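Record features (Swiss-Prot):
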- Gly38, Arg39, Asn40, Gly41, Ser42, Gly43, Lys44, Ser45: ATP binding site (BINDING)
- 6-250: domain 'ABC transporter' (DOMAIN)
Amino acid sequence: MSQTILSIKNLTASVDGNQILKGVNLEIKAGEVHAIMGRNGSGKSTLSKVITGHPDYEITGGEIIYQGQDLSALEPHERALAGIFLAFQYPLEIPGVSNLDFLRIAYNAKRKHLGLEELDTFDFEDLIQEKLDVVKMNPAFLERSLNEGFSGGEKKRNEILQMAILEPTLSILDEIDSGLDIDALRIVSEGVNFLKNPDNATLVITHYQRLLNYIIPDHIHVMYDGKIVMSGGKELALELEEKGYDFLDEQVLAPI
């Protein structure tokens, strides 16, 4: 039986006093890809921020257990060191910090956490060359400031490059398809698929079904008003694509 990577039970959370998550239940096992869909404002991105420990979001009930450990006891950087990775919908630009230095510092922080010797610049450059092929990135991007002047597709590929370097146990991709054309979407998706293995898990958050043509999920969940109200397979995403999110109003609000 596969190990449970993430177990969320009756999770409630708020931001600025407003309750956003209203009883989320979710279990993700090793080797699985899960997708969460839902209209804007349903709580999808809030869930990703709560899992990763964003300080603006307060857990008001329930629990998040990651590999047997209560996540509420960990600071955001501790969650990252424990193997949780978040690919942002809108990656930040950091002028003056080269992409290479950022990746090397992040990678060495993980090695230090694991009790391993840090890599010097030369050894790290050897390591990163093979990772660049995963997302088809030109090595010249390593010398540029982090995400500065990058196109939307380049920023998203850079997020997957970070994922390839850090080899997280749980990857959360928050609307990784946002703003991507078909070619960029294909490259990013191929990178995600390449990095999948029996020991890790991926949570894909998306608004549109088209991403799931490239990253094939094992389970699809639909969020509505802060809860997961439906779960299923690929057919559920196709049904949403055909009927639109308005059909959820009929399904969820229909009298019992």
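The backbone N, Cα and C atoms fix where each Cβ goes, glycine too.
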For Ser45 (ATP binding site), the three-state class that DSSP assigns: helix
The one of Arg39, Lys44 whose CB sees the fewest other CB atoms within 10 Å, among these binding-site residues: Arg39
Three-state secondary structure, Arg39 (ATP binding site) (per DSSP): coil
C-beta crowding around Asn40 (ATP binding site), within 10 angstroms: 8
Those binding-site residues listed as Gly41, Gly43, and which of them has the most Cβ atoms within 10 Å of its own Cβ: Gly43
Model confidence over the domain 'ABC transporter' (6-250), averaged pLDDT: 92
ATP site shell beyond Gly38, Arg39, Asn40, Gly41, Ser42, Gly43, Lys44, Ser45, criterion: Cβ within 8 Å of Cβ centroid: Thr46, His207, Met223
Chain-internal residues near Gly38 (ATP binding site), provided their CB is under 8 angstroms and they sit 6+ positions away: Lys44, His207, Val222, Met223, Tyr224, Tyr245
Cβ neighbour count (within 10 Å, all chains shown) around Ser45 (ATP binding site): 21
